[in-house]
Amino acid sequence: MNGVPELPRSAGAATAVLLLLASLQVQKVQMLITTPPDICATCHENATCSEKEDGSGKICICMYGLIGNGRTYCQDKDECKISSLICGEHTVCHNTYGSFYCTCLDGYRPSSNTELFIPNDGTHCEAVDCGMLPIVKDAVAPVASTTTYKSAVRYTCQKGTVWKSGNNTAICMATGMWGGPTLVCKEIDCGRPPAVAHATIVWTNGSRLGSVAHYQCNPGYHSVGGRNYSMCGLHGLWEEASLSCNGESNISLTKWQYQYGYLPVWSLALSCLYPRRPPKQEPEITCVKASLFTQTATCFVEMDCGPPAVHPGATAWWNSTRPGSLAIYQCMRGHYEAGGKNFSTCLTNGSWDNASLLCKEIDCGPPPSVLHASVVWTNGSRLDSVAHYQCSFGYHSIGGRAYSKCGMRGIWDEVSLSCNETNCGPPAVHPGTTTWWNNTRPGSVAIYQCIRGHSVVGGKNFSTCLTNGSWDNASLLCKEMDCGPPPVVSHASAIWDGSTRLGSVVFYECKEGFRHVGERNFTVCTVDGDWENISLVCEEIYCKVPHLIQNANLLWDGSRHPGSLASYQCKEGFYFKGSKNFSICNLRGIWDSISGECKEIDCGPPPSLPNITPLWNDTLDLRYGAVVYYRCTEGFYHAGGDNFSMCAANGLWQMTSLLCKEINCGKPASIPHATVLWNQASQLGSKVYYKCQDGFFTHSKNNYSMCAADGKWGQLNFTCIEIDCGIAPSLANAAMTASNGTVLGSVAHYQCNEGFINMGGTNVSICTGQGKWLLATLICDGIKEASPVISDLVIFDEKCIKWNAQRDRRANETYKLHLKGLRVYQEGFLEEIVTNFTSSEDSPELCLNLHPGTNYSLHITALSTGISTQAFLSTEIGDPGVPEIVFPIAEDPLPSFTFRKMADINGPISLYQVIVASQDRSLDFDCGSHNIPNFYSQDENEQIYLAAEFHAEDLSEEVVFLIGDRRFFGEYYNAPLDKSRAYVIILRVISEWKQVQKQSCVFWVQTKGPSYTTQHITILAVGSGVLVAFFVFLGNSFVWYCGKKYPCG
């Protein structure tokens, strides 16, 4: 290649597009600068755009309830912080965005009966009044001093009743309702009056408070003093009666007769044969009886006074009408005792003496008067008549019972109604007003007036105290003095809090690009509602023409005001190196400096690409527009795409589309009677080896073929010729009985001639791989007489049994065998064999395909003599075999593999071990080695360690193992792998039984790579006692198994 190839047309077209875009950008900047700004478009979302008062343009003003400059911010005005009494007394103020609202404290309610309110309509919070106290049966309450929120009143039971249960306190709740009381008062009941010795109770069965029980001595007893009545008291007990009754003695018959009302009767038709006795309650005194034979007798007839007389307004109570009985009078309900005696006695003449009790009807008279209250009454004054009360005009109830009842004692019940003078309290507070009033009683008037800084907008300016204790609404509306938006100063910004009230101040400062020339830079809102004049003047600042820089174009719209921008764009073939490629006109009238310069574009050496080689040397031009060509590296071929790359304006080489695919010779050809030894690699230089199968040999010197650059395997002259041993040889005193050919593995069988017996040796000749017969060693000798004896039973080759037999050499012997096998480690295992076997050998051998790791009991009998023997034998365990393993294909953070738990086929599986070995050097590993250390005990030179050990009984059916996960498995540590090294991972399975150990190993080769990706894997399973060698070759790991059958080539 001579020189640099011509630049493609696409490069020139791209440059033209860039220049066009640059010119359009310049025009856009010029258009933005010359277009006048739209003030309304800059207003805040919570502001309105209005015309200035002087007509000079537009201005942004924050909405009502917000303060700010109207353009960059409009924030909420917290009315609750401006005045603590904005809502009035007993309130809570709640601020909202652009407004506020009020709520009443607990125990107060809005006068407008709305939960939320704004006080500009005169709404205020008034105390909750629960009003009249609740009525509780048989209970009275004292006059309450107050009935507002949280007021408490204690009740007591009326006279004649007692407190039995419940709460006796009523509390005024925030809802305006009384809470409680739950008091229960029950009437006093003294029960039955107590008994007095030798006396009878004269009683009306009443047991309430004030009830009276009278007592009289029984017949035969008389009073010797003491009180003869008892009264039911306040504590529910009868007062003690002190009456004392003594008995009569030595009473003459005559005195007894007249005292107890008996008179003699002289003209009886019949004789009194039996004595008469008084009633049971009277003394047991027998009548004097006359002679039983006389026609007359002394008999007595009992006297009876009949019912007692009736008294007006009274009820009589008596228990007998005989002489001496007592009748008690009691005034009826609605009447009272006005004097006289309240009892009458039955005399011996059969009449009642006079009772002078006078009962008059109860009359309570006019009901009592209550202060500041009038009575509502039907003019009835008898018992149970009721008079109701209501507070007079200008007064209201603050609690207490509002009625009175005419009682038993002719007295009206006490009235607890309390009427206080109605007081409307202070009138409501209106925003922006002051209030004047001289009284708070009904009919009083409060006058409202706007405070300084506020003006009247309209509404009623007075409020009247009503009879319900509240003020009617005053609708006066006072608007805060507002000077409106402050004056606009050209090229200046206003600094203020958005307030336009009286005394508000607005400061001004010149905008960027202007300087302060005037004197006074602030204005104040006056009482006239106007802003004061200011003398501030802002003069514009200018910069000179911006300077030029080398290898760059100036992009400038000609503006020289502060904040104007001049940009620089490097010319084609150059790029800007630095942090700032523009200059701004500052407030001092100077363009600030740029930071950087335009340097020529240099793409540097072309990039290295996988499987691609650049055709380039140090003399190639690396500047903008340079071209480099590529070709595929050895082992790859051109599969399409462009083979060149160009240095672009961004200083980077364009990505070539060249596609190089790896040469692949595919699967190698097969050769008759030959085995292919191939590692599945088919890229350039890969080799495949051939080896003649058993029974064939070759005369060829070269046994491999190589993948060539044309994608085909190299020509190979390799043939396999079959082995032929010729005719089988003869043996002395023996004849060939059968032969199946003369090629490798062919067999010729021999048998002793008649008259000769087999004295030992093999009776088979075999054709070997050397093309020669392996001659039979059969010895045939003459026949002798002997008796068979069985001895020395043993197992050999772990599959067969043999024994010694002394026998007649001229005859065959038939043996019967009974074999039973058991495994103590495998429940349910049973093997039983019964067979006959004929042999002419002195040491018969019989192969029965015995199971490894099994205890056998053997019973053998020579059928010709019946001689038997029995033996107990055991087979050794075999290699455990290879577990089923799955290696991952996808890349994982940690390498892993999965294996399945093995069955105890060749013996009990004891352990599973994971071994890690470094592949940084050649490694010889013995699968049967017992001296593998843990990670912390490994030899630095050996670099092999045991990472994990599992007991078979502890494992599930399937196990996933992560290599290097930093876990301990007993005393073994699964250490993390070094990503820069290659490793061999070994899974060893160990079987142990009867002091015999067998093992098998599976190897996983992990090669070096940027991550734990398996680049080459060879799985090799070996048994006990096998030595495997690993070698490092060109950074990749390979495993080769060298032995008798597969020689290493």
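Count begins at 1; order follows the chain as displayed.
Here the Cβ of each residue, glycine as well, is placed from N, Cα and C on the backbone.
Annotations in TrEMBL come from automatic prediction, not curation.
Taken from TrEMBL, the feature signal peptide applies to 1-31.
Here the domain 'EGF-like' (36-75) returns a mean pLDDT of 83 for the predicted model. Taken from TrEMBL, the feature domain 'EGF-like' covers 36-75 (among others).
Under the three-state DSSP scheme, Cys43 (disulfide bond) falls in the coil class. Positions annotated as disulfide bond by TrEMBL: Cys43-Cys60.
Taken from TrEMBL, the feature domain 'EGF-like' applies to 76-115 (among others). Applying DSSP to the domain 'EGF-like' (76-115) sorts its residues as follows: 4 helix, 16 strand, 20 coil.
Taken from TrEMBL, the feature domain 'Sushi' covers 128-187 (among others). Broken down by DSSP into helix, strand and coil, the domain 'Sushi' (128-187) contains 0 helix, 24 strand, 36 coil.
What TrEMBL lists as domain 'Sushi' is 188-247 (among others).
Per TrEMBL, the feature domain 'Sushi' maps to 303-361 (among others).
Marked as domain 'Sushi' by TrEMBL: 362-421 (among others).
Per TrEMBL, domain 'Sushi' is recorded for 422-480 (among others). Secondary structure of the domain 'Sushi' (422-480) per DSSP, as helix, strand and coil residue counts: 0 helix, 25 strand, 34 coil.
Residues or ranges marked as domain 'Sushi' in TrEMBL: 481-540 (among others).
Summarising the annotation, TrEMBL assigns domain 'Sushi' to 541-600 (among others).
Summarised by DSSP class, the composition of the domain 'Sushi' (601-662) is 0 helix, 27 strand, 35 coil. Positions annotated as domain 'Sushi' by TrEMBL: 601-662 (among others).
The domain 'Sushi' feature in TrEMBL is assigned to 663-722 (among others).
As annotated by TrEMBL, domain 'Sushi' applies to 723-782 (among others).
What TrEMBL lists as transmembrane segment is 1017-1041.
Comparison of 128-187, 303-361, 481-540, 541-600 by number of C-beta pairs under 8 angstroms to the domain 'EGF-like' (36-75) places 481-540 first. Through the fold, the domain 'EGF-like' (76-115) approaches residues 46, 63-67, 121-128, 148-150, 174, 176, 426, 428-429, 431, 470-471, 498 of its own chain, all at least 6 residues removed from its boundaries and within a Cβ separation under 8 Å.
Segment contact is absent for the domain 'Sushi' (362-421) and the domain 'Sushi' (541-600), given fewer than three CB pairs below 8 angstroms at sequence separation of 6 or more. When the domain 'Sushi' (663-722) is classified with DSSP, helix, strand and coil residues number 0 helix, 19 strand, 41 coil. Within the same chain, residues at least six positions away from Cys43 (disulfide bond) with a Cβ under 8 Å of its Cβ are Cys49, Cys60, Gly70, Arg71.
The helix, strand and coil residue counts that DSSP assigns across the domain 'Sushi' (188-247) are 0 helix, 22 strand, 38 coil.
The Cβ of Cys60 (disulfide bond) has 21 neighbouring Cβ atoms from other residues within 10 Å, across all protein chains displayed.
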